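In what follows, a single structure is set out as structure tokens and then discussed.
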């Protein structure tokens, strides 16, 4: 590099000062490199620009170790120069930063700001520095290129007043632009989210972490990884914080948090508000931890009746980690349930309809991310606006401003995946770069041209095409994007709009194809990778359009807004109450927020300077004359105009998308930068390499950036024209103190001055009215003294002089700024020396500092509400008194029983341990517990009766008869028992222990099963004390076994082994106690029982001269004693002593057994005159010598009773089943019913079923073989909800199936619903038409419950019972002629005037579920049953499973469904009292056939079934668990003379639950509702039958069987045990009976040839424990599992209860009602008025009160109207081929006509759907016999029209002429007259 003189070339800091041959990209790069390598990483573009290279080390040290030559030094120098211009010229100063991410923009910006603030060392300057730090903390992040990447556009404004040369800082303003919100939920790999989140996690104390839930005690598993984290926070993976390694990237987060809190405190944020900010930040982190899974909504909601076709509950998304959810809810001041609801649902606007989408787990995760993103965006906006409110000065006091503009760097790809963020930031960079080019090239050129000064032109890259293409209002790319968003267009439509606008019109924008052709295919498909390309100044970028339109909408769902309305946190309410949140209200109800949008532009605008220079203003006005018309001014935020603009309605409800808002904010910046009194400086930040290596210069990398920013062209331009100041001649001459003595014009004088100054021509030129100067030249004449010294302390680059260090005159007064050296707040730029950060002087705010220190040293949440208190507060509902209800006496009695049973459970324990805060919930739990106690007591009683009671009556005896003993002979698998002296022992167990061991066991086993007493002779004297206490040892007593069976195997006294056990006195080995000892041992170890003798057999033995009798249930035998068994024997060698008394037993005892042989001698024994000693001695002798067994009472009467009681129970159960079997044997052919003419309604309630299920149900109902014109298909859609797996809301699916066009949009009408408080007011839409399927043309009506405008989540949804009540209440009011709601009047109008049937004609209603398929002959068979039996009020058919083989769960249910219908319902049908008519397939009689009295829709049924106050456990089980069964109960209760029956010939197929959870929930509903409904039925007196044959007895048995179902399993298990252990015939008989049960069932399905049921029966039997044990126990304990809603009861005065609700109080008057006659009169009047003006028959709708042409019922006639419509199911040509009208009955009409006139079917009603061709008028009026026939009227109308003036004739005039001719009132023929007139005039007749 060349040198100039002795000064090295690299010392030249100003690039324009380089020679011309060095003004290229390559040479400039080389020059920057030479400076970089000598630690001079900066350069200048004269006075207008600064170039800084990031050294990745310190930005505060230059080549000499001080700041001179560093980025910090250059920033300070630039600030001094701008400060001088601000003070001396009163110009606004603006600094625009350019640079890619990682170029160090944020650091240089902080140095620049610190320099300006140091000029005004006041507390305000400190606050403004802290404000910038807070902004960076909230909006910067660490990326792969830098640790301080800015992710929001910044416009920082310093405000000054007007004061001579030293402006006073009076305020500041932070304007944030488009925060990169997507980073919150999608942290790129290797990057971080916003710093403040890491600060919070690292900087909080242990107590604060505990409060915020950030400690390790919350067990959280990272979604998708399955890795559970340990208790340490540092090892827990936070989803919103990226990879855990990002928490250790060299940033001191803990210190950053302390700085952040200090900054907020010094900015005057209250302590409580800082705590609230931290709680919201913690809530955001916890939202990221929420894990979602798929579950079942098994708890019935408070306003729902549950089931629909989903009998056990619908599939919903649930939060798995509810502890984390509770933390989020607590910090947001919300209820846990409310928060979960809002996360699982999302409401959208589709075709102007609000629709709630039931989200899957992915959708719920995205919804949670949206909540987190919205929270963070609003929090940032709130903090910034709060700062602005504290530091911003009043607009009218601001004289000048210094603005710093810093937007995120240009990006060629989106790291977070947000294309919109990338597009908007790049557009901002494009606009700011264009402003730079315009300022340097165009603005100067315009000024010079206006002064007729010519300079050489400089070529440069002009990005105007890109700027116009992107930013032009009206038809720029961003404007088009916003327009397409507001119109609700798709991405493809947006792309096509871009094509039309830019193709071949703007070379900067290229639009890709919206379609693509796959290889091997000739058909174009949608291009999923469709994109457009923008040629930016920094290069071409492709922008995919996928989801771009939706992302631009930036919509916050109405569910979230509706949820936040209920927050108990004032801070959160303030967040969502900001002006930054643009809300969209429902057009019909302004208080209902449909959706919202977080603003992408700041809440404030740049200040408008009040001080202008006249010359500049003049020049600006000249330029304006040549410029296009200005764009419309954006209204100031917060003004009324802005509010009005925000509320303009659009297709999507949005007024502006993110693009339009950003574009508006960008316009404000551009206007601010290009204002006449603004001097701009441009700072270009470059990164020396892409790898963030310190002190390494990559020439290629830098050259690309130099080329990108056009630095060479800018430098060349400044070499020819470096003019930034224009001075009029007078001002210029005044500054230069030109000699007044010089004669000449001012121009000449100025020229002389210029000549004398020797300024180069590129820095000083003279114009027509003034002088153009560079900033350096101006400073040399304008600044004096210290100002000049300060300014020239750093030279700006004279061509002849290199930079020299200068003195800083502000160093004495400037406050040194403190920072940190570790890359944390204060300075984010390598290891900064203390001095260049955000934080101002410690001395300036010592008081605030001390307060902050005290604040962050402890627990910021001390003395604030705890997390638990916040949770309780959030769950508490705001309630108001809505009703006072009395407490019934029965309820009081029941509660008394409940508290008697649960008194030992204190209320506080239930409250705190059970978590039940509400009194009514605790009461319900007590009721549940009491009911369970009663159930368990009942089960215990049954167990006692079955098992314990028989044992009490007949205690178990361990006795063995001879036969039983013989069976234990040890052969085969039999055990080996042996009897010795009446005792039975286990020989098998004894044999291994026999002594001596040498005796083989085979020798011992021969004694098995026999009485071996003979083997064991006894020593009498050892076992008996005799009469006087001693028996001579020589006395012997032989033992002769009692023949107890006649064939007993008895061991004789001659047995060979006897001698081995003979140890009597006379033997050689006398052991008198041996036998006694052996017996003690045997009894202790081997005894099994005793030999048993029945009393009858004892008597038999006595008859055989046996001296045997019973004493105390023990049998003693004196036969041997009496018959010579006594003897006297002495040992060998000894003489037998004489006089030995062998009568050792008392004679009284002997006589007693001899004389009373065969009897029980107990009472005689007790009467013997024996002294106690003798009696005791005799008893001892009896037991040891004469005992042979015990009394066997097993066949006694009481034991037989105990035994057969089990059999009796089995017989009783089997008898009931037997009756059911005979009831099921309904043989006979399927009688084909006669042609029926009754009108039938088929109602299908729809909720979230899929299209296939709905189509099957609707098609099956339409295809039923029943007269189509007498069927009416009514589908009631419960809410605007998109079910999981569906792509459209359920009503739209139904309407698409029925062929209704999307253009048909009736007005929603009010009606009453079942709900809490204001939810009783609902709104619905009515559609009607004809549905054609497989040759059937069926009229239909669809009622869609859409909800009031104020309903955001699940609008209109009220549950299945409410869907039933819509039709039932309507028919009730029709039959009772009661005033109707608008919706009901519209339904009446549709059915009567459009479909053509009087609603009173419908006699029967068939209710099916939306997933039920009915057999074609179902309706005919049910109607036939009604006609055969006029006392029948309801019938059900057999329902089978259509998904029988889906899973084992469904397989278990197949057989159960079958027997529940063919046994239970068939049996109940015998009594005419089927206790449960299933809602999935039942037909009801609407009115009595003879009298027309309403039955199904009677007053009592409607009143009880529409009960809204469902606040007790009993009522909830009735109405929320089993509404179908309760409806049947009401029918039996109020219409006891009518019957309910089961018809097995009518078939339907439904879907059963296929998962355990849904199945258990379904059965919980069924079991509990069964119990509560049977309790309702038992007290009824009207149930038929008498005694045990009454239905009440059967109901009681059903209730008992339901309650004690678990015992049945125990009973069967008990029988199995009995059968296994006893060979008795009784349990075997019981099993035979139980087998007969299934045998009878088998007979049923065999006779009906249901062979497959054999297999299903086996599956059912295997599942018996589940059905009879598991499910009942689960159901009983979960009897109180409900979503209790927000209505509750509290105890009031005088025994009354007050009903409280947070849904508001419903006023019935809010829904207008009107009788049909009044409404019909209005129709006629309106029609007559229009008839006078128009010759056209009209239809008139309550919903619109508008004139609508009536269409044909054949279809197509209503497709173009707003309200009335028919499905265009068939074409006209198809219809005209029918020889007779479809609904015609032939009565009086010309049958030769091919088709009817358009209104003939609707207007006359003369033959539409009437029995036997009769008209509505024929059926209703009795005075029409004198009216002329239709043919007579037709002939007269033709005659009148033949002579009438067709220009003046009206239908009213024709009617009046006909009345004159026939002399009769023809009001009832008005419609026919009109339709006939129309037909004649149109040529159809």
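Sequential numbering from 1, following the chain as shown.
For all residues, glycine too, the Cβ spot is worked out from N, Cα and C.
If you look up Swiss-Prot, you'll see 1-789 marked as domain 'Myosin motor'.
According to DSSP, residue 105 (ATP binding site) sits within a helical segment. All protein chains considered, the CB of residue 105 (ATP binding site) has 27 other CB atoms within 10 Å. Per Swiss-Prot, ATP binding site is recorded for 99, 100, 101, 102, 103, 104, 105, 106, and the stated evidence type is sequence analysis.
The feature compositional bias 'Basic residues' is assigned by Swiss-Prot to 609-621.
What Swiss-Prot lists as region 'Actin-binding' is 666-690, and the listing cites sequence analysis. Only residues 6 or more beyond the boundaries of the region 'Actin-binding' (666-690), in the same chain, are considered here, and those with a CB under 8 A from a CB of the stretch are 32, 36, 41, 45, 48-56, 78, 82, 85, 89-100, 102-105, 108-109, 112, 145, 155, 177, 403, 405, 427-428, 431-432, 435-436, 438-440, 443, 471, 605-606, 609, 611-613, 616-617, 619-620, 631, 634, 696-698, 701-702, 705-706, 709, 711, 724.
Beyond the transmembrane segment (894-914), the same-chain residues lying 6 or more positions past its ends with a Cβ under 8 Å from any Cβ of the stretch are 922-923, 925-927, 929-930, 933-934. Per Swiss-Prot, transmembrane segment is recorded for 894-914 (among others).
Among the features that Swiss-Prot reports, transmembrane segment is placed at 929-949 (among others).
Under the heading domain 'Cytochrome b5 heme-binding', Swiss-Prot lists 957-1016.
Sequence annotations record features per position, and here Swiss-Prot assigns transmembrane segment to 1205-1225 (among others) based on sequence analysis.
Swiss-Prot lists 1599-1619 (among others) with the feature transmembrane segment.
Sequence annotations record features per position, and here Swiss-Prot assigns transmembrane segment to 1626-1646 (among others).
What Swiss-Prot records for 1653-1673 (among others) is transmembrane segment.
Swiss-Prot lists 1827-1882 with the feature domain 'DEK-C', giving sequence analysis as the kind of evidence.
Cβ packing within 10 Å was compared across the binding-site residues 102, 104, and the lowest neighbour count falls to 102. Among residues of the same chain six or more beyond the transmembrane segment (929-949), those with a C-beta under 8 A of the stretch's C-beta atoms are 897-898, 901-902, 905, 1202, 1205-1206, 1209, 1513, 1600, 1603-1604, 1606-1607, 1610-1611, 1614, 1676-1677, 1679. Across the domain 'DEK-C' (1827-1882), the prediction's mean pLDDT works out to 84. The C-beta environment of residue 99 (ATP binding site), restricted to residues of the same chain at least 6 apart in sequence and closer than 8 Å, consists of 105, 409, 683, 684, 685, 686, 687. One way to see the shell of the ATP site is to take the Cβ centroid of 99, 100, 101, 102, 103, 104, 105, 106; the remaining same-chain residues with a Cβ within 8 Å of it are 54, 145, 146, 149, 409, 685, 687. Broken down with DSSP, the domain 'Cytochrome b5 heme-binding' (957-1016) shows 21 helix, 13 strand, 26 coil. Secondary structure of the region 'Actin-binding' (666-690), assigned with DSSP and counted as helix (H, G, I), strand (E, B) and coil, comes to 8 helix, 9 strand, 8 coil. For the domain 'DEK-C' (1827-1882), DSSP puts the residue distribution at 41 helix, 0 strand, 15 coil. The number of other CB atoms found within 10 A of the CB of residue 103 (ATP binding site), across every protein chain shown, is 23.
The number of other Cβ atoms within 10 Å of the Cβ belonging to residue 100 (ATP binding site), over all protein chains shown, comes to 24. In this structure, the binding-site residues under consideration are 101, 106, and the one with the smallest number of other Cβ atoms within 10 Å of its Cβ is 101.
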